[in-house]
Structure formats: C-alpha cells, structure tokens
Amino acid sequence: MTLKYSKLFRRDVVIPLVNELNLDFSYYGLITIGGQNFTVDYDTGSPDLWVPGIQCNSSQCGTHNKFDPAKSSTFVPSQKNFSLSYGTGTVISGYEGQDVVILNGISVTNLTFGIALVDGFNTIYEEDGILGLSRQIGQISNPGLIQKIKEKKVLNHTIIAFHLGRYKLKITDKSFMNLGGIDVNAYIGNIVYNDLINQTRHPGTWMISLHDIQVDGISIGGINSSALIDTAIIGDITQVSKIHAMIPGSYFNNNLWRVPCNTSKIVALVFNNTSYKISPTELIRSSNQSSALCLSAIQGGPYGVWVVGAAFLSNVYSVFDFDNLKIGFAESKVF
C-alpha cells in the first residue's frame, strides 16, 4: 500500500540523534523539560517519559543530568509515585509531575512525566532518560508527547520516521528522526506499509506481522509471527536456533548465541512480502578481541512474539504512522 506524505512540514522538524558509543545499537536525542535539557532514548516500545530527579543520588543516577523542580517556573508537582519495569527487568521509580516539554521547537504544556529517584539504567546507557513513543496508555504520560503534539495540529501528519546511522558500515552515516513528514533522500526505492495487528490484545503497540526470515535468501520456514518494533532483536527460541544453524560456526553458550566475527551471511526479515536485509556488520552485536566469535544481534527470548529493533531498523528507513496506524519500511540510504 502506498500512502502520500508531504515532504514539507508545517514546521521543519528534523531531530539529530546520537549513535551511542557508535555501536549501531542504541540512539538518543535531546528534549527540554521545564527549561532544562536532557538526552533521552526515543523508545517505540514504551509510552512514558521520565528523566532523573535532582534528589537522586549518584549511586542511583550517576552523573546524568537531573531535573530540578526549583529551576522551573512552570513545574506542577504531583502526589503520585510511579514504578516502571522494562523488558530487561530494569526498574525505574520515583514521582510524577507536569511541566512544559519541548521537542525540537514544538512546545507541549502540562505534560505529565516521571522524575526518577531510582534509575536502573544509569550505569548502562549514556542518555539521561527515556521518551516513550508507543501509542499505549502510559502509567505516567497519558496522553503521551506525540499524542499531545497531534492535538496541537502543528504537523501535516502525525508520523515519526527514523534514519539510524550505521557507524560500523560508514563512520559518517547520519542518525536522525523526522517528525511530521518523511525525508525522501533517506531511503532507496519505495516505503512499504504494514497494518498494525493484535491491537485488542496488545493495545497501542507498534506490532505488525512478520511473514518470514531468510538466511542468504533461504527461508528458515515456519514463520508467521507477530513482531513488536522496538529496540533489540529477540525471537522465538526455536526459530532463532534455525537462523543460527544456517550460519556456519555459530555457537550457543550460557543462553547466548555467538557467530563468527567475519561472517558474510545475510539474514533478512520479510514484512508484507518484502524482504529487508540485515548487513553482516549489524548482525554482530559485540566483539571479543580474544575470540573469533562475536555476540549475535539475534537472540531467543520468552516473549511469544518477535521484538525487532536497532540491528534491523538501522538497515531501513522506518515510518511510524499515528494517523493511519501503520509502520513503513524502505531500504536505508547510507550518507
């Protein structure tokens, strides 16, 4: 299905992203809350916005930027606490408040966000917090930032689109997010759209049908799964085993798959009868200088659906359509 989107925004919203540690695995950008700047992971798998609070000590929040209510004349306190648990089992907890949130010049007033006093991510990631971009009803931010921007009607279309740079392929490759339109120079060919599925069982998620997985063009068979478009690539344990069985030299140990660091095998995911290749450089999650084996970007998990993230998304230009409830992919152009 082809959807027509304007190349020009009512507001020119192109948000630069940082490729964290140049690993092509996590990307983050800027946001302003109550006049204070923060870096946040733009997370399509969760709905809530949170950043560390000034009351959070260094052992819990490290050296991250911390929100100080006393420095904001627009902050509205809340008596409500929150506790969030992410798929990794990481817990974030604190209290809620409301303030003016600005995303690249677009201002939203009275947005509810979390002020973390316990930050389980503080030693793992460079960014300060997380900006949830799913359509789910959030525990904290309801409605979320993008839904509030949609209500303001300042964009031609309520869509977000990502070009995630591949440093491992070309060190100058750019990372950015488009808000309100698409960048026709960021991809090759046509964007193919997928309808969201399972919205009764998993309301508000960016979930679509995954029709097949191939290795060097050969199907592993038996794939007709749901796929949550999120951060890591985690799939059915049996299907993940089939993928690695087709990659010579793969090795399973301590519940993790490893592949030869020099593998040339190309894994592809098939959505809506369109195959999208994962570059061998992106199949490598991390390397070990003392071993010829590298951690694979594709691992098995207990979720019952595939979780498809940066190792795949860095190979495509991805469009998340809040208006038409679709996700689109096209082959990403390397800058």
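Note that Cβ sites are derived from N, Cα and C of the backbone, with glycine treated the same way.
Recorded disulfide link (TrEMBL): CYS61 to CYS56, out of the candidates CYS56, CYS261. Relative to ASP230 (active site), the recorded positions with Cα atoms inside 10 Å are ASP43, the candidates having been ASP43, CYS56, CYS61, CYS261, CYS294. Comparing CYS61 (disulfide bond) with CYS294 (disulfide bond), their Cα atoms are 31 Å apart once rounded.
The Cβ of CYS56 (disulfide bond) has 21 other Cβ atoms within 10 Å, all protein chains considered. Per-residue pLDDT, averaged along the domain 'Peptidase A1' (27-330), amounts to 93 for this model. Put simply, of the recorded positions ASP43, CYS261, CYS294, the one whose Cα is nearest the Cα of CYS56 (disulfide bond) is ASP43. When the alpha carbons of CYS261 (disulfide bond) and ASP43 (active site) are compared, the span between them is 28 angstrom.
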